[in-house]
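J.: Straight out of Swiss-Prot:
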type	residues	note
REGION	24-109	region 'Disordered'
COMPBIAS	53-76	compositional bias 'Basic and acidic residues'
COMPBIAS	88-99	compositional bias 'Basic and acidic residues'
REGION	136-187	region 'Disordered'
COMPBIAS	159-178	compositional bias 'Basic and acidic residues'
BINDING	H173, H198, H202	Zn(2+) binding site
Amino acid sequence: RFAHDPMAGGHRMWQMAGLKAQRAQTDVNNKQAAFDAAAKEKSDADAALSAAQERRKQKENKEKDAKDKLDKESKRNKPGKATGKGKPVGDKWLDDAGKDSGAPIPDRIADKLRDKEFKNFDDFRRKFWEEVSKDPELSKQFNPGNKKRLSQGLAPRARNKDTVGGRRSFELHHDKPISQDGGVYDMDNLRITTPKRHIDIHRGQ
């Protein structure tokens, strides 16, 4: 019989231990890969959900804007009676049209228009500027070209730096939006703004 070789037995044990460690590491690697794959799948699903929610939010906002615009136009096209007292103004009345919420409706113009019926908001706007043209203290603040526009019921032109694209004239702004039940013909809810300021107001600036 051959003598037992203790070194050979130790070598086999070492090989078996190495194989076990290798298998264990492979198992760990496989589990890590599965975990990473699951994590990526969750991340992708979260991203897809977030994108879907954002698209839904944009769609809802778009639908709300469209509804508000339709509601606003509907109310502006309805007849109504002018209300409100306006505010006293000075000789630089429209200097405030380019800042904050704009310039107020002059009280003496409000006195002329109060309780009068208008076919729609365009009708009110024309009558408003016509009354401004008839007021000596207010009309003298405008150049000849704008005086002519006022007499025709047209809004005066703003300075070039206060215009935006084709919007070149002063505009009437509802301080409390019509879509939030702001009074269409409430002169205390109306401000005169430059086109640029009007756009900034509606952007929340």
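We count from 1, first residue shown onward.
Cβ atoms are placed via backbone N, Cα and C, with glycine included.
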J.: Name them in sequence order: residues not among H173, H198, H202 whose Cβ is within 8 Å of the mean position of the Cβ atoms defining the Zn(2+) site.
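T.: Close Cβ neighbours, site residues excluded: G102, E171, T193, R197, I199, D200, I201.
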J.: Which chain-mates of H198 (Zn(2+) binding site) that are at least 6 residues away have a CB under 8 A from its CB, listed by sequence?
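T.: Counting only residues 6 or more apart in sequence, the Cβ neighbours of H198 (Zn(2+) binding site) under 8 Å are G102, R167, E171, H173.
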J.: Would you mind splitting the compositional bias 'Basic and acidic residues' (88-99) into helix, strand and coil residue counts from DSSP?
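T.: Taking the compositional bias 'Basic and acidic residues' (88-99) as a whole: 6 helix, 0 strand, 6 coil.
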J.: H173, H202: which of these binding-site residues has the sparsest Cβ neighbourhood within 10 Å?
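T.: H202, out of the binding-site residues H173, H202, has the fewest neighbouring Cβ atoms within 10 Å.
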J.: Kindly assign H173 (Zn(2+) binding site) to one of the three DSSP-derived states: helix, strand or coil.
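T.: The residue in question, H173 (Zn(2+) binding site), is strand (DSSP, three-state).
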J.: According to DSSP, does H202 (Zn(2+) binding site) fall in a helix, a strand, or coil?
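T.: Helix, per DSSP.
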